[in-house]
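**Q** Could you have a look at this structure, given as structure tokens, before my questions?
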Amino acid sequence: MAMLLQARRILTQTLPRCNSNSSQAFVKLLGSASRGLHGNVPRSKLFDPNATSGNVITCNAAVVRGPKQPFLMETIRVDPPKKMEVRIKILYTSICHTDLSAWKGENEAQRAYPRILGHEAVGLVESVGEGVTDLKAGDHVIPIFNGECGHCPYCTNKTTNLCQTYRVNPFKSVMENDGKCRFSTMNGEPIFHFLNTSTFTEYSVLDSACAVKIDPNAYLKKMSLLSCGVSTGVGAGWNAANVQAGSSVAIFGLGALGLAASEGARARGASEIIGVDINPEKLNKGKEMGMTHFVNPKDSSKPVHQRIREMTSGGVDYSIECAGNVEVLREAFLSTHDGWGKTVVFARLRSNRQALEGKWH
């Protein structure tokens with residue numbers, strides 16, 4: 001929560017106004033595996049680009065070798081970046097529910113092992129491959145799984161955030177350049193990539209289109225959430241819903257994503273933001289992120305959408321579903337006003353790169 005509030009402070013300085021047990025077990029498992037990835041080492045001593053550039057780097061990584069298998073701290077080899085790729089030193093990484101789903105192997109078609117998971121992080125560029133001109137060694141960057149080349153028909157179209165080449169692809173487990181892995185065990189066994197990022201490692205290789213340069217003065221420990229949770233949530237209100245000033249918004253699910261969505265709605269000038277969650281502790285957290293009202297489905301036998309319609313004289317202008325649950329989605333849809341209400345389902349910010357580079361420094 002402290003990390004999210006720090007992100008909010010950064011956002012509010014620049015943006016104009018207009019419960020799962022398995023998840024906890026997963027966090028505990030990964031936390032025990034990833035101890036020692038890096039300590040509080042001065043940035044100047046993290047690596048020497050002159051010594052590592054162009055060479056294979058040996059480092060530690062949390063590797064998973066099968067569905068629900070323990071993360072193993074392994075010594076791995078990380079190849080130098082090839083054309084239009086960058087190699088980064090991961091400083092901090094956080095955990096998203098998508099990592100949990102991949103660890104559990106919920107979709108058999110997406111399974112690829114051994115694999116390095118993780119997609120929310122912040123780090124420093126260690127070296128760049130041929131053709132990379134917008135990044136250099138020492139730059140502070142955030143990896144993004146929905147990359148942008150910036151010039152394909154998709155990237156130049158304002159109605160989509162899917163790049164023709166570097167879009168998010170949960171089935172992809174190798175690099176775009178040559179269809180091979182940049183990770184391997186000490187015995188030469190390939191280790192697969194995850195969501196264009198793979199951040200549960202000391203070093204990772206990304207397509208340059210999947211790395212965003214950020215303000216070097218930003219507090220790095222707090223920045224990893226901008227890789228996914230904050231940009232997704234804020235963008236759900238800012239871009240996907242396009243919340244208008246003075247409007248009403250209902251947000252279903254007040255995890256990191258939902259709280260960020262509340263902040264996005266607040267930044268757009270919403271006058272009424274209703275948070276919905278079964279956890280009463282989210283009341284105070286939600287208020288810190290702009291929420292004006294709170295509804296706990298457990299407090300009444302009356303359906304949530306009926307309660308919201310009564311509170312808003314017919315329904316909200318926008319509802320944002322952040323729980324990934326079909327029944328919750330139904331309530332979110334029914335909570336909107338007849339005729340003009342709009343529902344956004346777990347929507348992602350249209351342009352991570354433009355938002356991070358242009359507005360969120």
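Glycine residues also receive a Cβ, built from the backbone N, Cα and C atoms like all the rest.
Look at TrEMBL and you will find 83-214 tagged as domain 'Alcohol dehydrogenase-like N-terminal'. Positions annotated as domain 'Alcohol dehydrogenase-like C-terminal' by TrEMBL: 256-348.
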**Q** Just to be sure I understand, if DSSP states are collapsed into helix, strand and coil, how many residues of the domain 'Alcohol dehydrogenase-like C-terminal' (256-348) fall in each?
**A** 39 helix, 18 strand, 36 coil
**Q** With DSSP helix as H/G/I and strand as E/B, how many residues of the domain 'Alcohol dehydrogenase-like N-terminal' (83-214) fall in helix, strand and coil?
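**A** DSSP classes over the domain 'Alcohol dehydrogenase-like N-terminal' (83-214) add up to 14 helix, 39 strand, 79 coil.
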**Q** I'm checking region-level scores; what's the whole-number mean pLDDT for the domain 'Alcohol dehydrogenase-like N-terminal' (83-214)?
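**A** Computed over the domain 'Alcohol dehydrogenase-like N-terminal' (83-214), the mean pLDDT is 93 on the 0 to 100 scale.
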